Amino acid sequence: MREEPTAGTADATLNKLLQAADLSGYESDLRRKLKLRNAADLQYVEEVDLLSVGMSRPEQKRLRKEYTKMFPSGIFGKVKKAFKRAESLDRKTSNSVANQDDNDHHVIPIEKITLCKELGQGEFGSVWQAGWKNSAGSDVIQVAVKCVGSDKLLATSSSFLQEAAIMTRMRHEHVVRLYGVVLDTKKIMLVSELATCGSLLECLHKPALRDSFPVHVLCDYAEQIAMGMSYLELQRLIHRDLAARNVLVFSPKLVKISDFGLSRSLGIGEDYYRSEFTPNLKLPIAWCAPECINFLKFTSKSDVWAYGVTIWEMFSYGEMPWKGRSGAQILELVDRKKELLTRPKACPEDIYDMLKETWTHQVQDRPTFSDIVAKFPERRAQSVRAVVDCKDSAADHLHFKKDDLIVVISRSPAQYPDGYYWFGSLRNGKLGLFRPTDTVAHLGSEPPCSNGTIENGFSEKEKGGKKNKKAEKESERERKKLLISEPVGDVRHTCHVGIDGTAFGLLQLDKKAMCPTSSSPSTSRGSQASPAPSHTSSSTTSSVHLRETVARNGVPIKETMSLRDVGPLSRDALNLRDTVSPPVARAPSQPPSYSQPRPPPRSVSSVSSGNQHSVQVHDQFSSLDRSRGSLTPTAPPLTASAANSLKDPLTGISLSIPSNNLISYMDDQEDDHRWTRSPGAISQSTTLTALSSSRKDPIPAPRGPVAAVYARGKDIPTPASKSDIALCEKIEDLNRDLTNYSIGTICDYSEDRPLLDSMNRTISSSTTHQPPPQSSEARIRFMTEQEVRKINEKSAREHRKTEDLLREERQKEQKPGEIEEPQQPAESLYSTRTPQQEGWSSAAQEAYKLLVECGTNLKQASVSPPPMSPTSSRLSTLDRSSISPAPPRPVTPPLSVRNETISMRKSQQEEMEHVTVEENSPKRVHIIETKLIDGPARGMSPIQDRHIPAFTTPMSNGSFRKAPAPTPVSPAPAGSTDQKPPPCRPPKTRQFPLVIDERNLAYDNLNGFGAGARVAPPVPPKPKVRTIFSFADDQKKQKEVAN
């Protein structure tokens, strides 16, 4: 029955609590009305009870505050802490007593040991559970007693006691403690700790406990065994018989090594190993190293071999190593053939790699237990967490739910060597395949727990339901802390690296490129100015700086920028700038995707003597031969070629700086903005010589990564730098759109040079041409009226100039004597000017009528006249005859107008029709068609001339129709019959079909519609004999000229 606390103790605790809360006046009411005896009873008091005694809410708040101070974890937590303190005091007392007993008495009297029941039989004897009554008190401790027969003890009692004294001083959490020995005439008893769960081999063989030993628990056991053996190794003790049967299980998470040192103490030696070859004994030869079998040489390295076999035995769940083989066969396989045990199904790949190292045939090549413990966290099986539920129908697949942990055993199982499925184990011990895409990495494996407590079983079902729920909630919170959360806020999931090492996404994306507007780098090439370390950095060698103020681009305060480690450049050769780079430009720390050939060095305009900054880039970049690490995880490593490209001096880049974009610098203390535009007066020290041409060379892409610092403090000076100003202005120039036209961009052209200049142009230091100011903000603007007027005037001047040149070319082509063609006599017939005749004779009229009849018969034939000679008139005179049956009228030959006028006969009253063809430029060609419509006529082929544009004129029957063949015979005087045209090449003809609209037959080109019906067409004139004779005379002259 629980003891009640005394009144004095109760009054003291309650009175102390009320005095601390300044509520002593409520003590009598709390004791009398609420029946409180001590301060601990306040945990059962509710707010309504305190209100009933008149305590206000502020007073209740003060009472709760003082109560929390007195009982931090509640009354039950206080009681547990008290019990723990008492238990620790008892443990210390017992330890001190035990130590005293161990130091003074290693031998335990036999009357203090009471054997209870036999636990099993071993190689050296039987094992019993017994009670040991300690001399320090009356309590009885449950211990394990191993009884060894005197016939098996070959050594003397004194040496055995010396070894027992050494073993009793061993203190380790994973080594079974030996309390002492009991000496008797018949047998010797070894008193040690009691493991109620038995040996590890027995637990692995029990099917009911198979689920209690999943893969992750076995990994913990392997590490604990290695830690215990490492302790024995440091104590220079050799186990000689390490196996799963000698590993005791104290709890589901704790194992300890037992029976260490007994092989040497018991003196088994050669007789023991000879007995292994007999068929009646269990042979531990499968756990022995080759040197132990061949030379009976036991060392810590032989224990390492046995440790590997023990771990293999554990992951195979108690299977016998080299099962079915004799000792001689095992020695043949291990010593001569050097074969190894195959990997168990539940053994992770990394653990099996460690086992193969322990089975190295050469003793010196095996690792020590200290090495195994140091490297074991890296070899521990990795766990993944399921993100979806999986219930595959396949029998060899795992069935798991979301948030279940899976231990990865193999990433390339034999069924799926491509890694599409992995092989793993659930927490309940089930093995099977699963898809890695259904899982995520689980950060932080559960550390091995060794609380040193002894439990009676592995089941935890005895706990209450409420306690289990609370534990589940706490474990859920712990699991959530170990997982990577989803992207929150503006964070973007740009890339992912899987548990198997595969990655996808934007791995090369610089995080500075994801900012609203990134900062452009600017490296100070000057050797005179070295920036001071930023006071925002924790170390002077750190390349990560914090931004002091809000930048102009909207970067928040104290934003950390990751930078590359560029050695000396991070402290001496880098200045911090706040220039604005193009929004769509590539991040400076990201290397270009192509390599550009190295351009020849070019000269840079010299600056004024007031501010001379030497450009010594080659010396500063000479230390970049080494490979460098990067603080930015997404940035690629620096290659050797990229490091060599950084050595090249940047003096080869020629930049032009407009006068309105020059930059002056102000003190950091006066203005937070480091750079200030000054469109007016420009400082002489910051003025650079610009290009003489308004067109600027494009900046070639960098050939390697660019190291840059993106933030700086106020205490870093900002000297004027040529490269900074040039880079800033060139970026602004590139920002301007090509649609921002001006007079210089439209009218500045030439046919004898390309539109884009080469990049090798040198800058003339004598010329200081400054382009007109242009605003960087206005990308597209309207042209002013003055600019439009200037453009029109210049265009008109260019057109007039072109017309003059074209007219001169035509005049040169029409000069006589340059080009001679045999068709000139035939063409001269149409251009020969005949004098005007006053009348027609009767013979001429008869001949003309005959010619008209011949033309009527040949009206269907459409033969083009021979081409005209370039020496002839530009536009020939076309004789048109009237089609009307009215009386004939005399023909008035028109005057030849040079190049521009076409003369035609229209009526008997000697009217002339002048058609003027105006050609202003080669771009505009006016084709004027003059039509005299006639019903039977169907058109006429145009004159083919390569110097004049073709035009079509429908004519009457027989007019302007000359066949290229010999001229038809007409009635003429005798003198004209034997005159034949000279032999010549037939002219090139091209037929152009002419379509006449019958609905417009009444249309006249001069008088309009209906005029043709009212005015009768004229009578065809009578040809004159002199005209025919002129044709023969011209032919005769041409022959004479040709001869």
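Each residue, glycine too, has its Cβ placed from N, Cα and C.
Record features, source Swiss-Prot:
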ACT_SITE  Asp241  active site, proton acceptor
BINDING   Leu119, Gly120, Gln121, Gly122, Glu123, Phe124, Gly125, Ser126, Val127, Lys146  ATP binding site
COILED    785-812  coiled coil
COMPBIAS  458-481  compositional bias 'Basic and acidic residues'
COMPBIAS  516-543  compositional bias 'Low complexity'
COMPBIAS  610-624  compositional bias 'Polar residues'
COMPBIAS  630-644  compositional bias 'Low complexity'
COMPBIAS  790-818  compositional bias 'Basic and acidic residues'
COMPBIAS  825-842  compositional bias 'Polar residues'
COMPBIAS  870-884  compositional bias 'Low complexity'
DOMAIN    113-379  domain 'Protein kinase'
DOMAIN    379-444  domain 'SH3'
DOMAIN    484-498  domain 'CRIB'
REGION    443-481  region 'Disordered'
REGION    514-644  region 'Disordered'
REGION    790-842  region 'Disordered'
REGION    859-898  region 'Disordered'
REGION    932-993  region 'Disordered'
Cα separation, Asp241 (active site, proton acceptor) to Val127 (ATP binding site) (Å, whole number): 17
The residue listed as 'active site, proton acceptor' and Leu119 (ATP binding site), distance between Cα atoms, whole Å: 20
CB contacts for Leu119 (ATP binding site) [other CB atoms within 10 A, all chains]: 20
Integer Å distance between the CA atoms belonging to Gly125 (ATP binding site) and Asp241 (active site, proton acceptor): 15
Cβ neighbour count (within 10 Å, all chains shown) around Val127 (ATP binding site): 20
Fewest Cβ neighbours within 10 Å, where candidates are the recorded positions Gln121, Gly125, Asp241: Gln121
Residue counts (helix, strand, coil, in that order) that DSSP gives for the compositional bias 'Basic and acidic residues' (790-818): 24 helix, 0 strand, 5 coil
Three-state composition of the domain 'SH3' (379-444), taking helix and strand from DSSP: 4 helix, 27 strand, 35 coil
DSSP-derived structure type at Asp241 (active site, proton acceptor), helix or strand or else coil: coil
DSSP state at Gly125 (ATP binding site), helix/strand/coil: strand
Overall pLDDT for the coiled coil (785-812), taken as the rounded mean: 91
